[in-house]
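Have a look at the structure below before the remarks.
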Amino acid sequence: MYQDLSACVRHPDIYLMLRSFQGITDPSPPNGNSFCMYINKGKDDQMEICGYKSSKIKTLVTYLFVILTCGLLRLVFHWIPHWLLKATCVPCHVNEAKQILITELYNGKHKIYHVKPLQVLTLDTIRQLKNDNNLLNHHYIPISENSISLSVHFGQGIFRELDKLLLFTCKKVTYVWDAEISEFVKLHGLDQNVSSEILHKSKGLSCGEQFMRRLVYGPNEIVVKELSVMTLLFLEVLNPFYIFQLFSFCLWFADNYYYYAATILAMSVFGISMTIIQTRRNQRNLKSTVHSSDVVTVLRPKPKSVLDEYGDSYVETEVISTELLVPGDVIEIPPHGCILHCDALLLTGNCILNESMLTGESVPVTKTPFPEIPNLYYNPKEHARHTLFCGTQVIQTRYFGNEKVLAVVIRTGFSTAKGGLVRSILYPPPVDFRFEKDSYRFIMLLGIIAGFGFVYTIVTKILRGIPANELVVEALDLITIVVPPALPAAMTVGRLYAQTRLQKNQIYCISPRTINVSGSIDCVCFDKTGTLTEEGLDLLCVVPIENKQFSQPVKNVERLPYNTFVCGLVSCHSLTIIEKQLTGDPLDLKMFESTKWTIEEHDVSDNTKFNMIFPTVLKPPKNRPAENRVMDDIDLQIGIIREFPFSSSSQRMGVIIRKLGAQHFEYYCKGSPEMILNFVKKETVPSDFSDILESYTQEGYRVIALAHKELRMSYAKVQRAQRDVIEVDLNLLGLIVLENRLKPQTTPCIQVLNDANIRVIMVTGDNILTALSVARDCDIVKPGQSVISINCDNSTPPQLYYTLTNTKTKLPSNTDFSLLSNSASIQSLDTVESQTITNNINHHDIDLIKPQTLFNNYRFAMSGKVWGVAREYYPELISRFVTRGTIFARMSPDQKQQLVEELQSMGYSVAMCGDGANDCGALKAAHAGISLSEAESSVASPFTSKNPNITCVLDIIKEGRAALVTSFGIFKYMASYSLCQFISVMILYSIDSNLTDIQYLYIDLFIISIFAFFFGRTEAYSGKLVKETPLSSLISVSPVLSLLIHLFLTVVFQIAAFEHLKMQEWFEPFNASLKEEKDSVACVENYTIFTLSSFQYVILAVVFSKGKPYRQSMFSNYGFLFSSAALTIFSVYMALWPCTYLAEAFEIILPEDFKFRLYLLIYALINFIFSILIEVILIDYIFFKKLRFKYHNVYKSKRKYLAIERDLQLDSKWPALTFEFKSAASPLSPLSHCTAEIVVEKENKFDKNHVLNYLYDDTSKKTLNKINLEKSPDAIENSQFTDLSPIESSNSTEIQNSESDLYHSFDSASPTTPEKTLQTEVTSLTSNDTQNISNFNSMGQNTKVEQMNEKNNVGVLEMESFENR
């Protein structure tokens, strides 16, 4: 059998057979190519790689063509490197490859190619490097020949020793060849599948081991490459834009346009210089920000003696540079603190860190040692509380006596948390924006037009016998006219001005391209805490539990007796004293400060604090009022023995304490009520726990539960006991209620976004009921909208439940009311929404006047758990949840990013606004990420606001819309200017004339450049946001039609003026052969075309400079206004009576007839009037506003959510609702008692725009026929309805339809069943209602619901439901 399976690639059958014997499954080769494979298969960063080796024949042929094309082909290869690879190399297996082609497909849309060399490390190359001091950083210690081997970690904490290693680096990530699975895998440190036992056995590395690992892992540094000035110069000059500029310069110089060519050259040199200076500055700033180096103390194992028969070793320390660290090194954290230069796992001692660089929160975080538990494997996300991240600052360390604080290095370089952040900055995701794609297509279209002009010119001039050299120069000149060289520079103007205006509003943008993208935003996702609400929390009250009953809420906590509950309040926290300042989590601070207690830490060195029984002591206030003081309070002191820190996965924290003089230890635990209830005794939970909890959560308060337990164990056992052993049979002590207020700017901003038809979504890690309350308070959930909460059970597969949430406030029933049934049966949405009853309209009328727009006006709310279940088990429902989802609670950072990507896949242009703490992934994934934090973690976000409120979102959208409209205007102006000049030159070419050098210079430099400069200075519209977003595609009806019509007007008026000239009696045609000077093109035709085109350039600039609703009026842009007026006056002057100097400079020959000069002004005026009318009325009003969506097919639209929204509006049978599911906030809540709920409406029943106002209008009877109504074919004649009693229910009540008897509650106990296993049937009817069976659902009659287990019946039911719909 082959020892190396990869050598069998030429025999695929044998290869696959041997692979199957080893239990290895090959991934399918991409595109059927056996030389290609996937890396990171099935992950977000999946890429395709192919190996290539050089081919002498292909290389020879390629460079022959390079010579034949005078280097042009090599220039194309410079722009597209993978073409050079394919032209000179042939595909091969990776074992033979010299280079790797990596194909990255981002979001299924953007293909990015990387060509990387494949490095081969062998023992021979290692021996050659042994004496290379530069590589070893002057720190190499000779090692024996027998110990030379490459050390690579592939998993399980075991480093595999290899003789040969294939590796390559792409986007700062190293990939190595794993021969066991014949794949390239990411080079991991000790962060993958490493057990705690292996990590705690780490004793450090010898110098030789460290050197061998450094050959593989590279130096521990985050380096941003700083290119030299010459490199930047060549890269910039070889840019396609400047190559085209160089081509244009040579062409103009050959055509004797010296002034114009010299001016363009000077502008190009200036542009290149400014770009190099800016790029160099940015590289230096980023390099200085991310690069840092220091020294660190590492452990080195040394053999005691060569005679030691047991081979024991002892450890000594050595100080080395941080750049020499590799995974597996054990470092010592100094007591005075330091800046970490690697990711390390804490093994002994405690550390207090400032992680603001990563989280955006300056709250100190306590790191505890990684527990040594069998079968516990390190996970970077789950065990973040034990991980010291690169770039964070260690403030303090605490440790036992002489034992130092040790940590093992798990990641280095760009693999660290800080390195990942820098990589996201260096390699941002491509922006998917149609405007940029269409602009390239449009330039190609202009190039095609230039090609036609090129051919036409050559043919006509050959027929007229023009010399070949003149013919080619003039024909090529058309290309530089149609494709303006200044177009890319002009396109950036609008973005730069918008960026400057944003900076004035304290909003900073590191990606100017994103400004245009933000102009198309139609969906904004907000984090809640710190974004919509205030960062800090205020303690509202505490609700203690006494005798298994809730006591009255207490707001003045300091007045409570010092019982078990108060002791938990003062001790269950992670606060610490740093530089004599109490610091820690804001929630802990508020709780502790409310008690008025004090915290003391003994003024001793850090190494003795850990060794003390009570390192932190808590004391009550000395000035406590006498009436609140008891004898036990006098000497009460509490010492914190051990802390179990909070983590998002556990949703709780705990402490072990001991009171002064007490005989035993105590354990306090606090966290989310959902989590705490899993650990407490059921008998300590009050019966009304769920009601009390929901009463606070529905008001938007944050609720924390507190539990307690006495520990009967020794001090040694307390220090070693695991958390899961202690957290059993706790006693529930009560609830802590904290208030998180909305920021004053939140609600007005949300209302503006709602009015602009921009969808608003809340994505938070908080409780779903709290999020729902905040959403209602700030109008994310609009008045009149229902919210359906989606829950799931713990079955396999989990079943989804849809619960209609509503307010339980009871109002006096003195007016009309709406009925929402709270029956425990499954109901369709139309059943619930049809239960609208008024005093003035009977049931018969209700069935006749149900407005269509009332149906399905609901939004979804779900938790992160449900989101995960839906993605795994119900992916077909994700599109519906995303389209109607408004509240996403308990979402992890990864789930936030997933939501943003799902929204993008549905066709939304998404903005994400967060505080930078947990939102980095979503901020990077969104079209426009907006961070409200100034921390370094927000550097990856395109926008950062120094004003920590969401008003920045409005500013960014307004400036984005203005910049987008400006870019559209400039592009249309530059394209129309080019086509206008193209028409002028084509007309003049027909008589062998042309524009003069000065005329070209005047048009391009004075007219076009001035307008391009001032065009973007028009500020964003200061009024409210309009509902229509600007166009984002150039290849759409409005812009294309606008350009075509204006081009048509340009042609018509220039030809009309030219023909008018020919009709004059004094006209003499231009004859180039009679001119004494060869290059003289001055003639009356030239004057006519130049004069009229000069006006047309100004007209086009004014027409395309749009004002409201996206930009301010053109008259507010004084620079643009003055330029337009000045150029118009100058053009009039040049047309009527120019001075001799200007006439000679422009080589103008004036017509003798002054009336003809006036006719040109009239032509220009008529052209202006037609252009304004066409742009304002035809383009903006008719096509953009009226016809934009009239013939829009939502089922063919790229905005997929439009089709789904329409389907949801028409589908009144989905989702099936249930009211029996236990609330996510109160899992112990009993099955709901099935009652009907009366929601009474006051005089102003609904929002002014609500559709139900039609039902309550005094003149409703007169206008019923004018409303779009759904009429039932079977009208219900009886005004009295009898309740339908299910078999399971023994209670039945009659609903009387009379003004005196408004409503009677009814009971039912129908079981709750999953949506997909339901069948509804009517079990009993009264004789009066038999004829009205078809109306039972629409009138809200109670029905019996039974669970069905047969899948065939389910299919029949779903088909019947579809047919009924």
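Numbering starts at 1 and runs along the chain as displayed.
Note: Cβ is positioned from N, Cα and C throughout, glycine not excepted.
It should be emphasised that the depicted structure is a prediction, and the values quoted were computed from it without experimental measurement.
The domain 'P5B-type ATPase N-terminal' annotation in TrEMBL covers 44-178.
Per TrEMBL, the feature domain 'Cation-transporting P-type ATPase N-terminal' maps to 201-251. Mean predicted confidence for the domain 'Cation-transporting P-type ATPase N-terminal' (201-251): the pLDDT average there is 85.
Look at TrEMBL and you will find 316-425 tagged as domain 'P-type ATPase A'.
Residues annotated as region 'Disordered' in TrEMBL: 1278-1298.
According to TrEMBL, the feature transmembrane segment maps to 60-77 (among others). Using a Cβ-Cβ cut-off under 8 Å and counting only residues 6 or more beyond its ends in the same chain, the transmembrane segment (60-77) has close neighbours at 83-84, 87-88, 238, 243.
Per TrEMBL, the feature transmembrane segment maps to 222-245 (among others). Within the same chain, residues 75, 78-79, 264, 268, 272, 275-276, 279-280, 283-284, 286-287, 290-291, 390, 413-414, 416, 418-419, 422, 426, 483, 485, 488 sit at least 6 positions outside the transmembrane segment (222-245) and bring their C-beta atoms closer than 8 Å to a C-beta of that stretch.
The transmembrane segment annotation in TrEMBL covers 257-277 (among others).
Look at TrEMBL and you will find 442-463 (among others) tagged as transmembrane segment.
Residues annotated as transmembrane segment in TrEMBL: 475-498 (among others).
The transmembrane segment annotation in TrEMBL covers 970-991 (among others). Sequence-distant contacts of the transmembrane segment (970-991) (same chain, six or more residues past either end, CB-CB distance under 8 Å): 439, 442, 446, 449-450, 453, 456-457, 460-461, 474, 477-478, 481-484, 486-487, 490-491, 493-494, 1003, 1008, 1011-1012, 1015-1016, 1034, 1039, 1042-1043, 1046-1047, 1050-1051, 1054-1055, 1058, 1069-1070, 1072, 1081, 1083, 1085-1086, 1089-1090, 1093, 1096-1097, 1100-1101, 1104.
Residues 256-260, 263-264, 484, 486, 489-490, 493-498, 963, 966, 969-970, 973-974, 977, 981, 1086, 1090, 1093-1094, 1097-1098, 1101, 1105, 1117, 1119-1120, 1123-1124, 1127, 1145-1147 of the same chain lie 6+ residues outside the transmembrane segment (997-1016) yet bring a C-beta within less than 8 angstroms of a C-beta in it. Per TrEMBL, the feature transmembrane segment maps to 997-1016 (among others).
Taken from TrEMBL, the feature transmembrane segment covers 1037-1058 (among others). Sequence-distant contacts of the transmembrane segment (1037-1058), counting only residues of its own chain at least 6 positions beyond either end whose CB sits under 8 Å from a CB of the stretch, comprise 968, 972, 975-976, 979-980, 983-984, 987, 1031, 1085, 1088-1089, 1092-1093, 1096, 1100, 1103, 1159-1160, 1163-1164, 1166-1167, 1170-1171, 1174-1175, 1178-1179, 1183-1184, 1187-1188.
Annotation source TrEMBL lists transmembrane segment at 1117-1136 (among others).
As annotated by TrEMBL, transmembrane segment applies to 1156-1183 (among others).
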When the domain 'Cation-transporting P-type ATPase N-terminal' (201-251) is classified with DSSP, how many of its residues are helical, how many are strand and how many are coil?
32 helix, 0 strand, 19 coil
For the transmembrane segment (257-277), sequence-distant contacts whose Cβ falls under 8 Å of one of its Cβ atoms, 6 or more beyond its ends
229, 232-233, 236-237, 242, 245-246, 248-249, 485, 489, 997-998, 1000-1001, 1004-1005
If you run through the domain 'P-type ATPase A' (316-425) with DSSP, how many residues end up as helix, strand and coil?
22 helix, 38 strand, 50 coil
What is the number of residues in the domain 'P5B-type ATPase N-terminal' (44-178) that are helix, strand and coil, as DSSP sees it?
43 helix, 56 strand, 36 coil
